[in-house]
Amino acid sequence: NLSNPTMFLLLGLSSAYRAQVTLCLCFSLIYLVTVLGNLLIVTLVWLDSHLHSPMYFFLSHLSFLDICYSSVTLPKILGDSFSPQKTISFVGCITQIYFFLCFGGSECVLLAAMAYDRYLAICHPLHYPVLMSKKMCHRLVAVSWLSGSFSSLVQAFLTAHLPFCGPNAALNTAALYTLAGTVAMGSFLLTLVSYVHIIGAVLQKGAGTRRAFATCTSHLTVVSLFFGAGAVAYLVPHSSGSKEVDEALALLYAAVTPMLNPIIYSLRNSEVKGAMRKAL
């Protein structure tokens, strides 16, 4: 029944066998690096007492989110690489949409919470231990998970009730864009406001604050990569003939970004590098 589908046919990235082998190897490597790199960050934060601070508490949750985020799509892609029939059930599709949006939305809010943490540390250093207490850290993480879960639940429900063969329901479509935009743009604006205050404090207070700003560079790089790739993949209009480009951009956002986050933090953060040396 076209109006009530039970299964979707996945077209795949390529029908050529050699291209399928190459893509499968690439995705396997990306997924392996993503899982091992983020798992390393989680383990280091848990084991090393020097990393028991709010900044690294948030970082460990970001790494866990990246593992979950990439696990929603990459194993399915790898499983379908050599399958003669690339399909996904209707329930499986909606479930995948829910978890993909849940982890993506939670990461948006968590990145905003990490920016707020850096704002308090740099602009209010004397009050920072009180303002960013252990209880506040857990509350911010809970807000990120709950907001991602709630928004994705509504979006998955609305998507499940869209007509898949025929004109889309305008109300459902508008609600989907509004909800997704609220989570993504709200998080981005909160992050932007935090960094405007941080940069203002750095310009006013001099060298000591500039050294504190060095702790922001990894987070700022991750934020730029995450929101930048998302904007290019989903907001910039693409021509109808650029199917391969659209697929590559979507994969960059869903697969490559979670792989790069632990690399960025390990290369640009002296405390993480020190914890790695101690562990080794």
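Cβ coordinates come from backbone N, Cα and C, glycine included.
The transmembrane segment annotation in TrEMBL covers 28-47, 97-119, 140-162, 174-200, 212-236, 248-267. Per TrEMBL, the feature domain 'G-protein coupled receptors family 1 profile' maps to 37-265.
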* Segment proximity, the transmembrane segment (140-162) to the transmembrane segment (97-119), 3 or more C-beta pairs under 8 Å -> yes
* To do: Could you name the stretch, out of 28-47, 140-162, 174-200, with the greatest number of CB pairs under 8 A to the transmembrane segment (248-267)?
  => 28-47
* State the residues, same chain only, that lie 6 or more residues beyond the ends of the transmembrane segment (140-162) and have a CB under 8 A from a CB inside it; answer 'none' if no residue qualifies. => 57-58, 61, 90, 94-95, 97-110, 113, 116-117, 168-169, 172-173, 175-176, 179-180, 182-183
